[in-house]
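Notes follow the structure.
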Amino acid sequence: MTISENQRNLEAGLLLNKNRNDINECRITVVVLFSTFVSVCGSFCFGCAAGYSSVAQAGITKDLGLSVAQYSMFGSIMTFGAMFGAIFSGKVSDLIGRKGTMWFAQIFCIAGWLAIAFAKDTIWLDAGRFSTGFAVGLFSYVLMQSCGLSLYYVIGNFVHWRNLALIGLIPCVLQVVTLFFIPESPRLLGKWGLEKECTASLQLLRGEDADVSEEANTIKETMILFNEGPKSRVMDLFQRRYAPSLVIGVGLMLLQQLSGSSGIMFYVGSVFDKGGFPSSIGSMILAVIMIPKAILGLILVEKMGRRPLLLASTSGMCLCSLFLAFSFSFRSYGMLDELTPIFTCIGVVGFISSFAVGMGGLPWIIMSEIFPMNVKVSAGTLVTLANWSFSWIVAFAYNFMIEWNASGTFLIFFSICAGGIVFIYAMVPETKGRTLEDIQASLTDFLQ
């Protein structure tokens, strides 16, 4: 695979700029911390929305008389909305900036929660869920997602589903208000050609005593390099030289979702109920471990590396899926009735924990590391769309599958995870501490 001279200059320039900016970018100020907090409120909103469908299921189906199909549509349509949000997120950010994008997203998020809180029928429920999903598609996913899930898994046991939807407004409104007090992204301002505003934003982020002139010039140079660099399209990805990266990126997203993660996270209460374990207690247990296991994943990824942790995570999901399949099978034959609830709890907690420490976030990290710089934007769009598409399929089909055969459902998830282990072992390279050139060289061997 050959790289054009223009592309080599672009990547060399970006590497130089990165090295020149290391000192300034590592400087942590109050404004940086506050801006980070405001930004991750969006991920907190996603965690709340994801947890809502689990803890509100019994109340909504009872009060509004929803069928399995109707509630499956309600639960899954958020991911369908997120597909559209993800498609437009880049364009919206380019047009109105990061702050503007977050304001824009929160309009849909607030409207969605209000529609759900005051819904009288499935039309308002689905419209509200779709609206929150569209907002979710504009957000990034970080640790705060686990915080949102934990909060809703706890308070959902004590709060009516309408009031729970109104509580979801709090982080949305909080972000809307606090956005007034943080600066716009300096790089985006530089991209727009607003040099004075870019310098002012940098000064606010780095501190009054910091010299930001060199960093401002670096951003300007970087934007020039990007503008002169080749523009990629999604169709460019379907070239033979990008085949290994594309297979790995889409394959990991397919594995992440078809392993059953979205179904279990969105409807974990129904899984506990199906196994005879109190859903309120099960949700509380998950809430307690949700944040620590996310932090553990961040630590392990630097200790173990991407590939070993991904294999360990998928193996854990595989074993827990098999464990749940046997538990529900024994229950269907009237065997081990007293132990099935405990087995269900262990299986669900083990599955979600295994997913969170590796498969939950690593596919996104690996995806960002395996694609060459000239196609990263197009690759990100395609892979994100694939992720949300597979997520919608699982979230919609999950309740039907559980009603059909709980044991068979988890045997299917077990088979997918088992296939995923083979896929990761055979295809996914270790990317930790390796340059893009090294990674691409190892992927090129796949074409031979």
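Yeah, the Cβs are placed from backbone N, Cα and C, and that goes for glycine too.
Going by TrEMBL, these are the annotated features:
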type     : residues : note
TRANSMEM : 28-52    : transmembrane segment
DOMAIN   : 28-432   : domain 'Major facilitator superfamily (MFS) profile'
TRANSMEM : 64-88    : transmembrane segment
TRANSMEM : 100-119  : transmembrane segment
TRANSMEM : 131-155  : transmembrane segment
TRANSMEM : 161-182  : transmembrane segment
TRANSMEM : 280-301  : transmembrane segment
TRANSMEM : 308-329  : transmembrane segment
TRANSMEM : 341-365  : transmembrane segment
TRANSMEM : 377-398  : transmembrane segment
TRANSMEM : 410-428  : transmembrane segment
With CB pairs under 8 Å as the measure, which of the listed stretches 100-119, 161-182, 280-301 comes out on top against the transmembrane segment (308-329)?
280-301
Tertiary contacts of the transmembrane segment (410-428), as residues 6+ beyond its ends and Cβ separation under 8 Å:
244, 247-248, 251-252, 255, 258-260, 306-307, 310-311, 314-315, 317-318, 321-322, 324-325, 328, 366, 401, 446
Stretch-level contact, the transmembrane segment (377-398) and the transmembrane segment (28-52), CB cutoff 8 A, at least 3 pairs:
no
So which of 28-52, 64-88, 161-182, 280-301, 341-365 is most in touch with the transmembrane segment (100-119), counting Cβ pairs under 8 Å?
161-182
I'm a bit unsure how to read this: which one of 28-52, 64-88, 341-365 has the highest number of Cβ pairs shorter than 8 Å with the transmembrane segment (161-182)?
28-52
Would you kindly list the residues that approach the transmembrane segment (341-365) from elsewhere in its chain, counting only those six or more residues past its ends and only Cβ-Cβ distances under 8 Å?
141, 146, 249, 252-253, 255-256, 259-261, 264-265, 268, 271-272, 274-277, 282, 285-286, 289-290, 293-294, 296-297, 300-301, 306, 309-310, 312-317, 319-321, 323-324, 326-328, 387, 431
